Amino acid sequence: MERAVRFIILSVVFFVSQINCQEAILHISNENTNKEYCIVYNQSWTPLSQTLDDALQYPVVNMTSTVLCNPSGVTPDVVKGKALVVMRGDCDFSKKALVAQGLGATALLIASKIPLITPSANATEYAKINIPLALMRYKDFIEAQQVFGEGMQVKLYAPPNPKIDASIVVMLLIAIITVSLGGFWSGACERERMNGDGGGGESKADPKELFLYSPLKVVIFVAMMCGMLVLMYFFYNVMVYAIIAIFCLASASALFSCIDAVMEKLSCPTGSFTIKNCTFSVRSLILAAVCISVAVVWGVYRNEDRWIWILQDFLGVAFCLNFLKTVSLSNFKICVILLSLLLVYDVFFVFITPFFTKNGVSIMVQVALGPDASGEKTHGNMVEVPAEPQAPSEKLPVVMRVPRFSAWAQNLCGMQFSILGYGDIIIPGLMVAYCSRFDVWVNSSKKIYFISCCIAYLLGMIVTFAVMLLSGMGQPALLYLVPFTLTASAVVAACRGEMRQFWAGTTYMVRRPVLDSSREPLLPGLLSHQSSLLHLSRLLMQIFS
């Protein structure tokens, strides 16, 4: 017990501990205003203060006309006790720092017209430097001169970056709320169908819904997903625009479906009117216009990282909810087959494909983030930040994105996001939706299957984020979510003695387009002996009528 407590305490300390970053903040001010810019430094040089209040303030001397590889032409009285700004190039960073330190400067800022990298030197050089050294964008210094003029005062500080960012909590809430609402909606639709059919234990399949009932079709579906992912990897620059267009249409339709269902539940009036024997709903027309407008706004401003993530997540939630309501798995056997295959798919494309790609990046990550993703790039402990604004890189709208709220310095250099793929919500969500429908079939007033599966999903997400933080790398979430949801559902069914029913599911009746309009079971189901005979007699009567 004591060892367990110690382990928990150490884990908490690890998670709440803070790590130092190579990005820092340059705070420029005068008597009237202030502004902050991105800088890149090396922790091996003189460390920077962690807060603005603790940072020392220096007046600035503009010497961007020189690279400061030697002290010739520089008057010590001009730079003494001030922060010196020089241009990058011609000599090592350590050489510039030694010259600036010898002239009496208290800080050295190196303006760069090329991408900023972590300034480094030989190990023996670090101890010789006693002044802060950092790289900044040349365009930022020119902008600061125009804003502040010659009376600039600067502070350099590097706020620590907590291992646990609030974005993880937000992402967790988005995921669990979406899965829970989607599963609840699926169960509610199932109850409405059963009530509409007189509660006879069978329900007609909604023609707007898609049912996965055949193991062969599940295998074909997963194979198509693999093929699509590989195609997007090799033809990303072409297919990304097709996916964006599809997302705009699908998300607008999904948003309409979600809001319309809420308005229908609230008994909002439709206000219908007729033109040339065609009846139109005012509510539907207005709602369609709003949903299309939202999707168009996202499509136009999709590369505005500062705020468009809110709209993308909003549309993504609607897309996932509508998917969970529209697509249904017929039984637990199909759930096991689909989720297991997608678990292998996820692990293969995240962990195995880096051994086959040229840059060592997994196909899954490359497709999710884009091959030319702009912003900060890290290579071990080295950081690279673009020196000039770059053309926005198109990214596939297949992830929830939440900015890392506590990464102030990194966000100045380039917005940093925590991401979660739609598949990590939809795939386990199909299992949750099946549990919700099964609660309806067995008349479970406590919704034991649905609640248990939601809790299992939550625990799986927590484990996913914990492993991600411990390992310092992205994780295939299905590796944890699939075992949690499948195991929890199976355990509940076994404990209640309903595993046989849970495994086989229910029977859906659909009308097929044949001449005699006969109806036959599309999915295998569990019926009592008496209802089976009744069903068979009805079928024979329809065939021979």
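Every residue gets a Cβ built from N, Cα and C, even glycine.
According to TrEMBL, the protein carries these features:
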SIGNAL    1-21  signal peptide
DOMAIN    57-140  domain 'PA'
TRANSMEM  168-189  transmembrane segment
TRANSMEM  210-234  transmembrane segment
TRANSMEM  240-259  transmembrane segment
TRANSMEM  280-301  transmembrane segment
TRANSMEM  307-324  transmembrane segment
TRANSMEM  336-356  transmembrane segment
TRANSMEM  415-436  transmembrane segment
TRANSMEM  448-471  transmembrane segment
TRANSMEM  477-495  transmembrane segment
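Taking Cβ pairs closer than 8 Å, the transmembrane segment (477-495) reaches residues 332, 335-336, 339-340, 342-343, 346-347, 420-421, 423-424, 427-428, 431-432, 435, 448-449, 452-453, 455-457, 459-461, 463-464, 467, 501-503 in its own chain, all 6 or more past its ends. It is 240-259 that, among the stretches 210-234, 240-259, 307-324, 336-356, 415-436, forms the most Cβ pairs under 8 Å with the transmembrane segment (280-301). The stretch in 168-189, 336-356, 415-436 that contributes the largest number of Cβ pairs under 8 Å to the transmembrane segment (210-234) is 336-356. Tertiary neighbourhood of the transmembrane segment (448-471): same-chain residues 14-15, 163-164, 168, 172, 175-176, 179-180, 183-184, 187, 428-429, 431-432, 435-436, 438-439, 477, 479-485, 487-489, 492-493, 496, 502, selected by CB-CB distance under 8 Å and a gap of 6+ residues from either end. In this chain, the transmembrane segment (168-189) does not touch the transmembrane segment (240-259); fewer than three CB pairs sit within less than 8 A of each other, excluding pairs fewer than 6 residues apart. Residues 206, 261, 313, 317, 320-321, 323-325, 328, 400, 402, 418, 420, 424-425, 428-429, 432-433, 435-437, 439-440, 447, 450, 453-454, 457-458, 461-462, 465 of the same chain sit 6 or more residues outside the transmembrane segment (168-189) yet have a Cβ under 8 Å from a Cβ within it.
Helix, strand and coil residue tallies for the domain 'PA' (57-140), in that order: 21 helix, 24 strand, 39 coil [DSSP].
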